[in-house]
């Protein structure tokens, strides 16, 4: 008898687990809005050079707005006023239909910019004039935030494996609230990006610890439901984030609005249980027994565990190394887990690299920013529901491999569709995005089941770190268009297919026990992961 049997006796998916998922949902719905936040708070509205200084000189005293712009600003190829330059001297001949100003000298906007505030009341771009020569600073905001997430993933994984899931979740809640508040009230761009960096570090803890805690509290037969369907709370958060952004068009208030559910998470934290698996793996049998009995009590299964004591729990867990502290080094010390870690890392890189490559380059909807984001969010619902049935019936490994290979196929087909047929290109891109989303959803569950309990958070932290390296690199691949227009799409396609083929090196985990110790992987004959029939 092992821990999974004890958990099944206590009802591995009852009121206790449902309460756990609902409490975790309060924090998890804040993750997508923060990841998408830069699309709204960093939005760049239509803008042009401020020509009010010419009014002060009495040059434009009797001209209409359109005439002022025609005289002061050069026109873009589409006929709109230039966003970044103005004439060194007013070109009054434009008032009489004479547009021969090709040789007229232009200068960068000397007095700032005028922005169209009809959609966004204020953004960081309008707050600190992050346009034209400074537009890279706007893009750097998202990059720095993602670097924070990238570094926060392994850090939170290491700390939660050492000190427990529950206390690190509270630290992540409080850290996210604190740094979000400081971001919203930043008085300079430098202060803002620093606070966004630390917000990313804190949010990474919520992302990986909450997922692991959910999975570690459910029995084998319900693990798929926990790992896939519960991920729908992130999709719900995605839709909520778009709604909040539509209603709140001032960037400081937007940050506060999307962070507000974390206040409820802090209040509800007192009802969060610690992972009994982690407690047993670290030799804390008494505490594990307390939570197991609490689970049985809430699920009305106390009588089934009358004979279970802290000592018998230790025997069930087969843990002889309760005093050992595990680190990231243990992911590469021995042959089997080294192979596992290298393969998982490469697959995570490929999945996230491809996913964000698709998300950042889908075009052709002809919708507003809000409708486009809402469409992307809604695509995730059918995608994740289909994943649930596939991984439950077919298995984790073939589902993951199939999703990645089909993603690569969609990208490959798009290479041969003419740009004029934008409807077909968009359909294939959206299908590729749905398949890529499916691979992301399955990979969280698959990775959680592959790593032993004693290094599970370290493993997810390492995997998330490598994944965010892929996220950071993905936009840069579009620069390869200067070499060959199709090269970026070929790279995304090749990475998706390569990642899918790597899945062949990993074992299936459907209906198997979660490994507790590294020895369960290194010596499978002695530490069998028997199938549950």
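Placed from the backbone N, Cα and C atoms, the Cβ positions cover glycine too.
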Feature transmembrane segment in TrEMBL, mapped to one of the ranges 316-339, 340-363: 340-363
Matching range for TrEMBL feature annotation, transmembrane segment, among 486-506, 507-527: 486-506
Given ranges 98-118, 119-139, 140-160, the stretch to which TrEMBL attaches the annotation transmembrane segment: 140-160
For the domain 'Major facilitator superfamily (MFS) profile' (89-511), the mean pLDDT of the predicted model: 83
Stretch of maximal Cβ-Cβ contact with the transmembrane segment (225-245) [cut-off: under 8 Å; candidates 167-185, 191-213, 369-390, 402-418, 486-506]: 369-390
Tertiary contacts of the transmembrane segment (167-185) (same chain, 6+ residues out, Cβ under 8 Å): 27, 30, 34, 156, 159-160, 191-192, 195-196, 198-199, 201-206, 209-210, 213, 252-253, 255-256, 259, 262-263, 265-266, 269, 272
Stretch-level contact, the transmembrane segment (459-480) and the transmembrane segment (369-390), CB cutoff 8 A, at least 3 pairs: no
Cβ contacts under 8 Å made by the transmembrane segment (251-272) with residues that lie 6+ beyond its boundaries: 19-20, 23-24, 26-27, 29-30, 33-34, 37, 40-41, 120, 122-124, 127, 166, 169-170, 173-174, 176-177, 180-181, 183-185, 213, 241, 244-245
Two-stretch contact, the transmembrane segment (340-363) and the transmembrane segment (140-160), at least three Cβ pairs under 8 Å: no
Beyond the flanks of the transmembrane segment (369-390) by at least 6 residues, Cβ under 8 Å: 32, 36, 39-40, 43, 224-225, 228-229, 231-232, 234-235, 238-239, 241-242, 245-246, 359, 362, 399, 402-403, 430, 433-435, 437-438, 441-442
